[in-house]
Structure formats: structure tokens, C-alpha cells
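**Student:** My structure is below; once you've seen it, I'll send some questions.
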Amino acid sequence: TMAATNQTSLQPSSLLLLGVEGLEHLHSWLSIPFCLMYLAALLGNVLLLFTIATQRSLHQPMYLFLAMLAVADLVLSSSTVPKALGIFWSFSRGMSFHACLTQMFFIHVSFIAESTILLAMAFDRYLAICHPLRYAAVLTHLLVAKLGLAAIVRGFCVMLPTIFLLRRLPYCGHSVMPHTYCEHMGIARLACADISLNVWYGLATTLLSPGLDVVLIGVSYTLILRAVFRLSSKDAQLKAVGTCSSHACVMVMFYSPAFFSFFTHQFGRHVPHHVHILLANLYVVLPPMLNPIVYTLKNRAIREKVSQVLFRTGQ
């Protein structure tokens, strides 16, 4: 019992999140774009999910992956933005330590799941363009379901150890976090002990999950573009490049701020703190807002079905 009491006393019962330190006077102004982006993300992803679920013609691998991406986007943004808005509006800055760990777990699991889904989408495009005759035989509904499950299981397996890595640390009463949400290294930096195990684990998992995904996605798009430029038809080339460009936009929006945030935590001593926090907030709300827009604008089938759904609901 003594050991248990000692262990709990080492952890803060609650944490105080400061938001964007140094820009407190701008919190109410910052809340406006974040609130609007979050509402757009909710609306866009729910509409996309509803359209894919209700339109039988969209029950194909490409659109099913898109539906999974929408779910991951909703979890990623909803795990963070409501709390960030509470901090910006100064009515909810406190958070229990266990709630903080739970939030961190959901943020990182949904991020890894989304990265896995983006890799699956790149594989889908590779098969569709480079091996069209084998596409239907390989990408069955069962394989799509297994890939969706693998995305969740992978995120869960990667992030579960971080909870134990953070719970074992002593915090010596440190309970003030200069951030709008809880992330692994942000919590670890509050500890008053050696956190090198957390640093190495964070670095290894980043390089071996999203990092590896980026490399494999790059390989698949290189193969796609190589196959495309062998086509004689200019129209076919333009269509394939158009499809790849929308995916490339999504990748850049998703990975750039996320990797910047992660590597700043690890090595970026000279990056201004408010720049780091603002970018960390962007990566949890910007891709969820833009993904439905990019895919709807770039895909005629979705564009038509979304307008049908909106037209019907409008009547």
C-alpha cells in the first residue's frame, strides 16, 4: 500500500494546460479560425461518411478507405480541438492526469491509424493503375476490412507502451503544461527523472510507423508515375497525375506539421515555443478539414453523390 501511495503521489492528480504560451492575449482570436476549421472538419467528414454509407455505388475499396480516413479524422480532431477551445476561452484549462493520458492515447492512435490508411490508399492506387486486371481479385471487401482493422491494432500496439512509460515517471509536483493538448513527449518533459527511454521509444516508433509509411507511399507513387508516363494517351496521363496530385496534397498537409511537431519536441531547442504549439494544433485540425474537400473536388463520382445527398436533404 505504501508503494502504491508513493507511486500516485509522484504523479500529479491534475494538469494545467496553458495553451499557446506567449500568445495568451490572442487566445480569443486564435479560437475563431480553430473553431471554424473544426466545424468544417465535422461537417465535411460526416457528410462524406453519410454519402459513402448510403450510396451503394461507392462501396468500392477506394471509397471505403476514404470512409476510414474520415473516421480517423473525426477522432483526431475531436480528441483535441474541443479541449483547445476550452483553453482559448479560459473556462476549462485543467485536466486530470488519467484524462491527459487517455487524450494522448487517442490522438496518437488515430494519427498512426490515419497514416496506415493513407498507405493503404496508395497501395489501392498502385494496384488500380499498375495492375488493373488484378485489382478486383486482390482488393476484396475482406482485405479492405482487414486493412482497416490492422490500422487500429497497429496504432494500439505502438501507443500502449507509452502509457506505462509515462506512468513509471516521477513528476515531483510539476503539473503545468505549455500546450493545448497532451502528447507523449509533452507529458514526459514534465518528469523530474531521466526520460531517455521515452525519447528513444518515441523516435523509434515515429521512424518505424509514420516514417516507414511515408517511404512506402513515396515508392508506390514513383511506380505509379513511371507506369503512367509509359501510357501513350495524354488524357490517361493527366487523369492519373490528377489522382496522384490530390493524394500528394493530403500527404504533405498531414505529415509536414506532424513531423515538424515531433522533431521539434526531440531536437528543436531553438524553435519558438508558440510556433511549435500552433503547428501542433494545425496538424490535428487542418488535414481533417481539407481531406473531404480535396477528395470531393478531385473525384467526380463523390462530387456527384455528395451533391445528390445535399439536394435530397435540402428538399
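Heads up, the Cβ atoms here are built off N, Cα and C, so glycines get one too.
OK, TrEMBL features for this one:
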{"type": "DOMAIN", "residues": "44-295", "note": "domain 'G-protein coupled receptors family 1 profile'"}
{"type": "TRANSMEM", "residues": "26-50", "note": "transmembrane segment"}
{"type": "TRANSMEM", "residues": "62-81", "note": "transmembrane segment"}
{"type": "TRANSMEM", "residues": "101-123", "note": "transmembrane segment"}
{"type": "TRANSMEM", "residues": "135-166", "note": "transmembrane segment"}
{"type": "TRANSMEM", "residues": "207-229", "note": "transmembrane segment"}
{"type": "TRANSMEM", "residues": "241-263", "note": "transmembrane segment"}
{"type": "TRANSMEM", "residues": "275-297", "note": "transmembrane segment"}
**Student:** Is the number of Cβ-Cβ pairs under 8 Å between the transmembrane segment (241-263) and the transmembrane segment (101-123) three or more, considering only pairs separated by 6 or more positions?
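**Tutor:** Between the transmembrane segment (241-263) and the transmembrane segment (101-123), contact is present.
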**Student:** Against which stretches of its own chain does the transmembrane segment (62-81) lie, if we need a Cβ under 8 Å and a gap of at least six residues from its ends?
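**Tutor:** Counting only partners 6 or more residues beyond its ends, the transmembrane segment (62-81) has Cβ contacts under 8 Å with 34-35, 37-38, 41-42, 45-46, 48-49, 52-53, 103, 106-107, 110-111, 113-114, 117-118, 120-121, 124-125, 128, 141, 144, 147-148, 151, 180-181, 281, 284-285, 287-289, 291-292, 295, 301-302.
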**Student:** Among 26-50, 101-123, 275-297, point out the range having the most Cβ pairs under 8 angstroms from the transmembrane segment (207-229).
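**Tutor:** By the under-8 Å Cβ criterion, the transmembrane segment (207-229) pairs most with 101-123.
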**Student:** Which residues of the chain, 6 or more past the ends of the transmembrane segment (26-50), have a CB below 8 A from one of its CBs?
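**Tutor:** Non-local partners: 19-20, 66-67, 70-71, 73-74, 77-78, 81-82, 84-85, 87-90, 278, 281, 285-286, 288-289, 291-293, 295-296, 302, 306, 309-310.
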